[in-house]
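A.B. asks: Below are the features I grabbed from TrEMBL:
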- 12-31: transmembrane segment (TRANSMEM)
- 16-303: domain 'Sugar phosphate transporter' (DOMAIN)
- 43-65: transmembrane segment (TRANSMEM)
- 81-99: transmembrane segment (TRANSMEM)
- 105-127: transmembrane segment (TRANSMEM)
- 139-156: transmembrane segment (TRANSMEM)
- 162-186: transmembrane segment (TRANSMEM)
- 198-216: transmembrane segment (TRANSMEM)
- 228-252: transmembrane segment (TRANSMEM)
- 259-280: transmembrane segment (TRANSMEM)
- 286-303: transmembrane segment (TRANSMEM)
- 323-346: region 'Disordered' (REGION)
Amino acid sequence: MALSESVVKKVLLSYTYVAIWIFLSFSVIVYNKYILDRKLYNWPFPISLTMIHMSFCSFLAYLLVKVFKVVELPSTMTRDLYLKSVVPIGALYSLSLWFSNSTYIYLSVSFIQMLKALMPVAVYSIGVLFKKDSFKSDTMVNMLSISFGVAIAAYGEAKFDSFGVMLQLLAVAFEATRLVMIQILLNSRGINLNPITSLYYVAPCCLVFLCFPWLVMEYPLLRDTSSFHLDFVIFGTNSLCAFALNLAVFLLVGKTSALTMNVAGVVKDWLLIAFSWSVIKDTVTPINLFGYGLAFLGVAYYNHSKLQALKAAEAQKKVQQADEEAGRLLEEKEGEGTGKKTETHD
């Protein structure tokens, strides 16, 4: 009975983390849309909003790491490694956030989620390009089916904006490159950053990179709009949601698995499409849903294949360990046997 209770507690805890992550992820997306959309809060400055988030995240990550010592920094991180590994990742992250936040000005929340279904396609393609993934024709067919589904969804989009679509595709490409670069530049060197240490290193770097486009594109406009005063309640709660989302990712990946996160992501996307249609009153057409449904099936199959491959690799590892253990025991027994033989000869 005690065992079943602990299992139930574990399952309930996992569901709680998933629910928190879905709620925060949902909130950040809808909140960003609200702030940036010209028909809502009407503050169309995506670089400024991203910089506010990064400043807030840098400050809180510094407190958690240096003052409260909630997590430890990896001892292997040197200045040289920071410049060669973290800085390029920070540059890619700043571009990914800038472009993805910019799309809220041009596209509906539901259509943005549909376009984000291309993420596995981008990660796999860039992984193959950088030789982190091996090319497999069946996986490529799967990727083409996802792309085909997204293309149908785009064809059925009522308020299609080609500039907005280009921004979202660039955001997906930069984010996918960042994920592959984390594997190449950090994980391969034995450095695994959790979301808090990741923010501690990457957020300040991201902030510096965003300063350049901000000074050219948004600062002159903000300077001329003298009537604008920073609403601390709106931007404070928005930044807090963005930081809390990173903490939730830390909890979700740490206490559950990456697959749980993928499944939670799918649930969140469908909820956002429903919310976008019912509350924000965005137009969601049947062609939209049919296309996204196809893409969704492709992504689900891809995640399933990845899980099977992981399970197979784990099983292979266990067999290998068992073989090694058996070989070692056999050697020990043989050693003992020869020892006894020499004793009898003596």
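Placed from the backbone N, Cα and C atoms, the Cβ positions cover glycine too.
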A.B. asks: For the transmembrane segment (139-156), which partner among 198-216, 228-252, 286-303 gives the most CB pairs under 8 Å?
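C.D. replies: The stretch with the most contacts is 286-303.
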A.B. asks: Where else in the chain does the transmembrane segment (81-99) make close Cβ contacts, counting only residues six or more beyond its ends and a cut-off under 8 Å?
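C.D. replies: That would be 46-47, 50, 53-54, 167-168, 170-171, 174-175, 177-178, 181-182, 185-186, 189, 191, 201-202, 205-210, 213.
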A.B. asks: For the transmembrane segment (105-127), name the stretch out of 198-216, 228-252, 286-303 with the most CB-CB pairs under 8 Å.
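C.D. replies: Answer, by Cβ pair count: 286-303.
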A.B. asks: Rank 12-31, 198-216, 228-252, 259-280, 286-303 by Cβ pairs under 8 Å to the transmembrane segment (43-65) and hand me the top one.
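C.D. replies: Selected stretch: 198-216, with the most Cβ pairs under 8 Å.
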A.B. asks: Could you name the stretch, out of 12-31, 198-216, 228-252, 286-303, with the greatest number of CB pairs under 8 A to the transmembrane segment (259-280)?
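C.D. replies: The listed stretch sharing the most Cβ pairs with the transmembrane segment (259-280) is 12-31.
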A.B. asks: Given the cut-off of 8 Å on Cβ pairs that are 6 or more apart in sequence, determine whether the transmembrane segment (12-31) and the transmembrane segment (286-303) share at least 3 such pairs.
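C.D. replies: By the criterion, they do not touch.
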A.B. asks: Can you work out which residues elsewhere in the same chain, 6+ from the ends of the transmembrane segment (198-216), have a Cβ less than 8 Å from its Cβ atoms?
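C.D. replies: Same-chain contacts beyond the ends: 47-48, 50-51, 54-55, 57-58, 60-62, 64-65, 73, 77, 82, 86-87, 89-91, 93-95, 97-98, 243, 246.
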A.B. asks: Let me know the model's mean pLDDT on the domain 'Sugar phosphate transporter' (16-303).
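C.D. replies: Reported value for the domain 'Sugar phosphate transporter' (16-303) is a mean pLDDT of 90.
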